[in-house]
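**Q** Just passing along the structure, written as structure tokens.
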Amino acid sequence: MDSRGFDSEGREFSSATEMWAHEIGAAADAPVSAAVAEPAPAPAAGSNGVAGEEEAGGGGKREEWYSKAIAYWQGVEASTEGVLGGYGCVNDVDVKGSDAFLRPLLAERFGAARRHLVALDCGSGIGRVTKNFLLRHFNEVDLVEPVSHFLEAAQENLTECMEVGEDTHKAANFYCVPLQDFTPDEGRYDVIWIQWCIGQLPDDDFISFFNRAKIGLKPNGFFVLKENIARNGFVLDKEDNSITRSDAYFKELFKKCGLYIHSIKDQSDLPKELFAVKMYALVTEKPKIQKNGKRRRPKNSPRMIRS
């Protein structure tokens with residue numbers, strides 16, 4: 001990765017490769033084994049039965065990278081205002097934007113027939129995204145989050161909003177595991193939702209995470225990545241050890257993950273002082289091209305209903 005960038009202390013880097021060598025002692029493309037709670041929508045610079053323990057993963061400088069991030073989020077209040085960095089006001093706008101992006105994707109990929117849908121909420125924090133959004137669309141949502149007091153808050157928050165009946169909507173499993181160490185169950189998820197957390201992963205762990213996570217998707221399943229976007233290159237936040245990547249940076253990483261962009265949408269109506277936010281729907285199959293050169297959207301096809 002050759003994008004130029006800088007950190008929050010003003011240090012400039014000629015490339016992402018240089019920055020990662022400095023921060024974790026590894027080249028950006030080095031293959032390794034993939035975040036931390038849903039971090040706040042960051043100001044433009046100069047997540048959501050508990051299993052596992054809080055871990056940093058890796059060794060040496062890489063371990064320090066993750067340990068610092070965990071330590072930062074351990075000091076944050078387990079509330080909407082806390083996980084959104086004092087910008088709790090963006091919650092409703094965020095949920096509205098996510099709903100508008102996801103709803104047509106579900107109809108296109110899975111059809112309108114009655115079905116049992118399962119999602120994974122990555123870097124789930126206190127369960128904000130699951131409670132306010134994902135449970136509207138999915139019968140089951142699993143949450144993965146490395147900060148224990150956030151996940152404990154998520155369990156409490158989600159207990160009160162369970163719908164019990166023939167068509168149950170519930171938070172099913174809570175995993176206290178960092179993304180760099182997490183591997184989903186094979187073929188469990190229709191959608192893997194990753195919001196405001198992937199910036200905690202260095203590029204190599206980003207690629208490794210998505211490569212492992214692919215096995216967790218059902219037929220026609222897809223990823224949604226919703227993340228802050230730098231105008232150019234990258235911005236490294238030294239306070240919580242997170243990186244804000246540009247659109248071009250993300251697209252290069254998607255290629256390295258063997259993922260294809262199905263659709264993209266900007267999140268609107270955020271405060272002007274915040275980074276721009278984009279939503280990417282990512283699929284594992286290459287979009288088919290029609291004779292007129294346009295991508296052909298896949299037709300819905302009958303499939304076995306899986307829980």
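Every residue, even glycine, has its Cβ placed from backbone N, Cα and C.
Per Swiss-Prot, S-adenosyl-L-methionine binding site is recorded for Gly123, Arg128, Glu145, Pro146, Val147, Leu179, Gln180, Gln195, and the stated evidence type is similarity to another entry. If you look up Swiss-Prot, you'll see 38-51 marked as compositional bias 'Low complexity'. According to Swiss-Prot, the feature region 'Disordered' maps to 38-60.
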**Q** Any idea of the Cα spread of the S-adenosyl-L-methionine site, Gly123, Arg128, Glu145, Pro146, Val147, Leu179, Gln180, Gln195, as a max distance in Å?
**A** 22
**Q** Hey, what's the Cβ neighbour count for Glu145 (S-adenosyl-L-methionine binding site) at 10 Å?
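**A** Taking all protein chains shown, Glu145 (S-adenosyl-L-methionine binding site) has 36 Cβ neighbours within 10 Å.
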